[in-house]
Amino acid sequence: MRATERWGDLVRDVVVELSARRSRSLLMLAAVALSTGALVASVGVSTTAADQIGADLAASTLDQVTVSVAQGAADADAGSSADGSAAPDAPAGVFPGDAEARATAVQGVVAAGRRLDLSGHGPDTVTPAATPAGTAEGGGGDTDAIRHLTVAGVVPGYLDAAQDTVDPGRTWLLGTDQTVAFLGVDAAKALGVPVTTDPTGYAISVGGTTYRVAGFARPEDGGADVSGTVLLPYARVLAAVGSDGDTQLLVRTAPGAGAGVAGVVRVAVRPDAPERLAASQVESLASLRRGVSNQLGRLGAWIGAFLLALTALLIANAMVVAVVARTPEIGLRRALGASRPAVSAVFWCEGAVTGFLGGVAGSAFGLTATVAVAAANDWSARLAPWLAVVGPVLGAVVGIAASAYPAWRAGRVSPALAIRAD
């Protein structure tokens, strides 16, 4: 008999046997489907949950890094610019003029900008100076509230880094040395300046210098609170203070990138002398995220392995019972010339087919369960392509492994004794 004919006879025998005992076949299929489905679902859900937890941890990590002048660095740089050139008539600078461009060139940096507070470093008395109706009276505004206002010089990039906004189309003014000011909402109220889209005609006095009100600063969601701040162009405040020793470069990073950026931003801004800068430290949660992912993965794998072991025992038990019930049939096959391997092959094939079909159903069940759990929790389901294949493969392997003992036992049945069995 040719090999193709033998395989054809074997497949027909298996189909007939599975069809004749439908209840037992369906129970075994269901057992394999549940175990492989539970394994696929546990791996899929744990992977999806680990990704979501990782994303939440990354989002909870600080996304702002503050770069300041290291202690004593401002004195060391007195009389020279950041690139080392002599600058006797200009304010000493630790930060280079293109500090923002250097910082944003670092991977993971979203925005960066310098800020230098005038309060405490120079003449910072703020008073209303003019209104559209004319010169403001010296006693205008809320005097008590005005005393608590903060005056700061910022560059346009600072607003992006701090997630604050000013009136559209006017941010560039902060990059000049013009006498303009942007008021926080509380600062405008204290100074008696109405918050409007057109503040033309309003002016304030800072340290005796008159600044035209160019707009108003408002924090975005999660942005720095600038409601009580008077924002001036950075160049003018730097000229008034005389040094950028108290300047801070605020760097906003992508979620989860804070720790990495904090480690390299000093070198990016001052590659010639990174020790003159100090960066705030951001704790890295990368190891914690990996640990959570690994632990969830192991949990899912162990649950699935346990269920697969139970399924293998169930299939083996069912097939041993089948061997006992089919003893006369096995004896007749042997008497008609079937070899021991041929008899064993029937049970091997039954186990493989049962496991494979149950694995297909289990993969479908597991993938569906993963998507359902992700949708119920507002997660993004992560489905690896191999999950669709692992069910049928594992099912077939478990089915074959579970058939080992029943197949061996069936091949050892004596024809004479089997035919006489009840």
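In case you wondered, yes, glycine gets a Cβ from its N, Cα and C as well.
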76-96, 160-180, 202-222, 244-264 - the range that TrEMBL marks as region 'Disordered': 76-96
Positions on the same chain near the transmembrane segment (299-324), where near means CB under 8 A and six or more residues out: 21, 24, 27-28, 31-32, 34-36, 38-40, 42-43, 45-47, 330, 347, 350-351, 354-355, 394, 398-399, 401-406, 409-410, 413
Spatial neighbours of the transmembrane segment (345-374) far in sequence, C-beta under 8 Å, 6+ residues away: 10-11, 13-14, 17-18, 25, 28-45, 48, 315, 319, 322-323, 380-381, 383, 387-403, 406-407, 410
Structural state census, the domain 'ABC3 transporter permease C-terminal' (303-415) (DSSP three-state): 94 helix, 0 strand, 19 coil
